[in-house]
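Undergrad: Per Swiss-Prot, the features are:
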- H83, H182: heme b b562 binding site (BINDING)
- H97, H196: heme b b566 binding site (BINDING)
- H201: ubiquinone binding site (BINDING)
- 33-53: transmembrane segment (TRANSMEM)
- 77-98: transmembrane segment (TRANSMEM)
- 113-133: transmembrane segment (TRANSMEM)
- 178-198: transmembrane segment (TRANSMEM)
- 226-246: transmembrane segment (TRANSMEM)
- 288-308: transmembrane segment (TRANSMEM)
- 320-340: transmembrane segment (TRANSMEM)
- 347-367: transmembrane segment (TRANSMEM)
Amino acid sequence: MTNIRKTHPLMKIMNSSFIDLPAPSNISSWWNFGSLLGACLAIQIITGLFLAMHYTADTATAFSSVTHICRDVNQGWIIRYLHANGASMFFLCLFLHVGRGMYYGSFSLSETWNIGIILLFTVMATAFMGYVLPWGQMSFWGATVITNLLSAIPYIGTDLVEWIWGGFSVDKATLTRFFAFHFILPFIISALVLVHLLFLHETGSNNPLGTSSESDKIPFHPYYTIKDLLGLMFLLLTLTILVLFSPDLLGDPDNYMPANPLSTPPHIKPEWYFLFAYAILRSIPNKLGGVLALIMSILILAIIPILQTAKQRSMMFRPLSQIMFWILTADLFTLTWIGGQPVEHPFVTIGQVASILYFSLILIIMPTVSLIENKMLKW
């Protein structure tokens, strides 16, 4: 008798994707983050759904409805903090996932990589709109500052901003539409994830050596299902510790004050996962230039495959490229720190140097270093 998982129309799709999928035998724990991102997305959708049952998208009641969730709803506080800190875990896994792709040359799977970049933009948009919903001080002013950046677009900028706001300022119409988009986008993300996996399974996974895995494959289950479960346990442990011991560690105290259009917070800053891009935006004095640099800080990922000059796919045996990669990582940490600092000396200068270094490393230094390594291979 044939196995039902191999014959049933629905189950055979699951079977060929998660059970009998031929996977490289040597992929390390850096390949765990795909499944962890799937787990994060599931946590966000489930907790978000329960929060939406009690939240009201109205400027008069949004802040108090979030307070009501935390105080009066059964286990509401844990649902709220799982959702808020779940977003941080989501971005942590995302950054590590992208870093893995850069280090091991996974960007050469161009369709998968490009869908991944679209996913990154979509997740960032979703997180930004979610941050506006509690309608605290940082929610309101964050929404005002970031949406206002679109006014830098020539000719249509001002009209575009007012169209997004639904009026002449961030108000009830803005909050309502942000809630609608924040609710629908995770489902669009889920669809994009399926496309991401579809393209990945067309080519098969990369591996740490960057070589072809065709000659040495093992079934995904039980080997990598068990490995992914271990990663999931670490993720849930970290998230649980964060939620139960210091749920407000990554938040902003200003967001515990209801939104007040007449009082500007001393330092307007987004959540920690946007700070690197925010620092790049602030380091350019020109508004349009800053917006372009902000977009390019993420979109630059799309041109990494074009800039690949190395003979070897992975950085595993390229020590000079490894050094440049870790300098880039340190630079991103620096940008994240600068994004959270006030706009004054010496932070402005450090931000400008770090921004120049960020683009220089990706566009010029790393491709040049790869060419040097190619020459060294011939010695």
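Numbers run from 1 along the shown chain.
Using N, Cα and C of the backbone, Cβ positions are placed for all residues, glycine too.
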Undergrad: Near the residue listed as 'ubiquinone binding site', which residues of its chain come within a Cβ-Cβ distance under 8 Å, counting only those 6 or more away in sequence?
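TA: S16, S17, L21 - these are the non-local Cβ neighbours of the residue listed as 'ubiquinone binding site', listed in sequence order.
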Undergrad: Please report the Cα separation of H83 (heme b b562 binding site) and H97 (heme b b566 binding site) in Å, rounded to an integer.
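TA: Approximately 21 Å lies between the Cα of H83 (heme b b562 binding site) and that of H97 (heme b b566 binding site).
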Undergrad: If one measures from the C-alpha of H182 (heme b b562 binding site) to the C-alpha of H196 (heme b b566 binding site), what distance in angstrom results, rounded to a whole number?
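TA: That separation, Cα to Cα, works out to 21 Å.
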Undergrad: Report, as numbers and ranges, every residue of the chain located at least six residues beyond the transmembrane segment (226-246) whose Cβ falls under 8 Å of a Cβ in that stretch; write 'none' if there are none.
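TA: Those are 29, 32-33, 35-36, 39-40, 43, 78, 81-82, 85-86, 88-89, 93, in sequence order.
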Undergrad: Using a 10 Å cut-off, grab the number of neighbouring Cβ atoms around the Cβ of H196 (heme b b566 binding site), all chains included.
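TA: H196 (heme b b566 binding site) is surrounded by 21 other Cβ atoms within 10 Å.
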Undergrad: Using Cβ atoms and a strict cutoff of less than 8 Å, what residues sit near the transmembrane segment (347-367) while being 6 or more residues removed from its termini?
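TA: Contacts of the transmembrane segment (347-367) (Cβ under 8 Å, skipping residues fewer than 6 from its ends): 279-280, 282-284, 293, 296-297, 300, 304, 307-309, 321, 324-325, 327-328, 331-332, 334-335, 338-339, 341.
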Undergrad: Does the transmembrane segment (33-53) make contact with the transmembrane segment (178-198) through 3 or more Cβ pairs under 8 Å, each pair 6 or more apart in sequence?
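TA: Since 3 or more Cβ pairs under 8 Å link them, the transmembrane segment (33-53) and the transmembrane segment (178-198) do come into contact.
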Undergrad: Taking 10 A as the limit, how many CB atoms besides its own sit near the CB of H97 (heme b b566 binding site)?
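TA: Step by step: centre on the Cβ of H97 (heme b b566 binding site), count other Cβ atoms within 10 Å, giving 20.
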